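Presented below is the structure to which this report refers.
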Amino acid sequence: MSDNTPTPQKNPDTNPYASLISQQIAIIPSFTLESGVTLNNVPVAYKTWGKLNEKADNCLVICHALTGSADVEDWWGPLLGLNKAFDPTRFFIFCGNVIGSPYGTISSVTTNPETGKPFGPEMPGSSVKDDVRLHYIILKSLGVRSVAAVVGGSMGGMTVLEYPLNTPPGFVRAIIPLATSARHSAWCISWGEAQRQSIYSDPDYKDGYYYEIEEEGGKVDLARQPARGLAAARMAALLTYRSRDSFESRFGRRAGGGKSSVPKGGVRIMGGQETTDPSVPSESDLAAKSPSWRAWREHNDGHRSAGARPISRSGSEGPAHREGDAAQAEVVKTQDVKANGNKIGTGGEAPPKIFSAQSYLRYQGDKFTGRFDANCYIHITRKLDTHDLSAPSRDTSLSSLSSGLPSSPDATEEELNARLIHALSLEPPALVIGIESDGLFTTSEQRELAAGIPDAELVVIPSPDGHDGFLLEFEAINGWVEGWLKRKMPEFYERRVINPEEYVQGEEGFGIKKESVFGEAEADVTRW
């Protein structure tokens, strides 16, 4: 047994994000990143289903996307179960959390053993190759001799492509990348930059040191973060995950209100708009406000940090300024500007109309800040930017195909393309799946993968949901993945490793049974 053998974590991390998941966490004594930085006592979160067969070669590795976790049941639940693509009675299923994610593996919210405080912005950058090498250590400790197939979409698809190149030759038998690319495009890099700038522009970001509260003597509070910036970044990301047609069909120009906290029981039927929400202004409240006040409120609708209205250009103080911050806090609440009529101009008394699409984005942004960390978001989007399958691994401790890829700092575009073609030629048999309406990882990028991998099949799934189709088109994806595995690996379908009668079956069918915590799938995308 080597000195670097993972050991179970004895004292669970107090990280509130990791506590959202029932999973296992192992500690790796030492791990060196592609950058050359060595990390000590590295926590790695993972989850498994099923069990290994006698040959220990029936492992299915599932790789999560940017904001996902090791809990496959949460974001790909309809694909996991008896007689489904990810069948625990036939396969030993493993999913590891990536470096930089707040859900258990080492990240910005992990306590730095040298300082006793979270790594924060001082967490060293990582690559997709690092994730593969880290998870390989865990797989070997679990007794896995070889992997039947690696499956994943988006960032998870990048991990899938790197697996055969960053583990010993022959360790991975087949791969199934979905909605991904061989190298991160300029389009995706630009969207990632825009999202990071949203976080940086939040005054609460504090260069990433927002965990420490100065007025409380440097006390660490992981719940403290630049929530407005992170919410804005999430909103921008959601627009890249869906398609124009998807938003138009679901929302159109319909009014929307969103979830709000209001007392149960009672309805106002006189003195103002009929409502069950006590925060909605009455007729007298609205009448007391000046036209300039109403214009100010409409202009700042959705601005989460709007305080008291400043003094006007004329030097006078509007009614809002005199009434103080409490009154202003009221007018910027989402529930205060629910569908209260059709007046949008500043001259009317009705609050500004909020479109359903706006309300959806605001709700999703707020929801995201409760389950993800801003520094972690920055870390992982930068990880995505570094993705290039043709880049050789700097690690020489493990004999892998990636470490043998040609490298030249002054390579021309033609040489870079040749390196990519060479890297793809080293991949094992593959089922490449794309989403027809995906504007983030286009079908042309899926064609590039399939054309470069020697034994590859390409499937394009029609879906109006854009990139998120890989998380929503469960039935189609299940059918193609299971069918391909049966053709390529019939031996795993000749006998089971777990008696079906002993397996606790979850929900049947391919519909979304519950709202996902870590994925994009919603039981009803218009419910919020």
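From the backbone N, Cα and C atoms, a Cβ is placed for every residue, glycine too.
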Can you say which of 336-361, 388-413 is given as region 'Disordered' in Swiss-Prot?
388-413
For SER154 (active site, nucleophile), the three-state DSSP class is coil
List the helix, strand and coil residue totals of the compositional bias 'Low complexity' (389-409) as derived from DSSP.
3 helix, 0 strand, 18 coil
Which residues, given as numbers and ranges, are at least 6 beyond the ends of the compositional bias 'Low complexity' (389-409) yet have a Cβ under 8 Å from it?
32, 34-36, 129, 133, 136, 161-162, 164-169, 182-183, 415-416, 419-420, 422-424, 426
What Cα-Cα separation, expressed in whole Å, is found between HIS467 (active site) and ASP438 (active site)?
4
What average pLDDT is reported by the model for the domain 'AB hydrolase-1' (60-245)?
95
If I restrict to non-local contacts, at least six residues apart, and a C-beta distance under 8 angstroms, what lies near SER154 (active site, nucleophile) in its own chain?
ALA65, LEU66, LEU178, ALA179, THR180, LEU440, PHE441, HIS467, PHE470
DSSP composition of the compositional bias 'Basic and acidic residues' (295-304), residue counts helix/strand/coil, works out to 5 helix, 0 strand, 5 coil
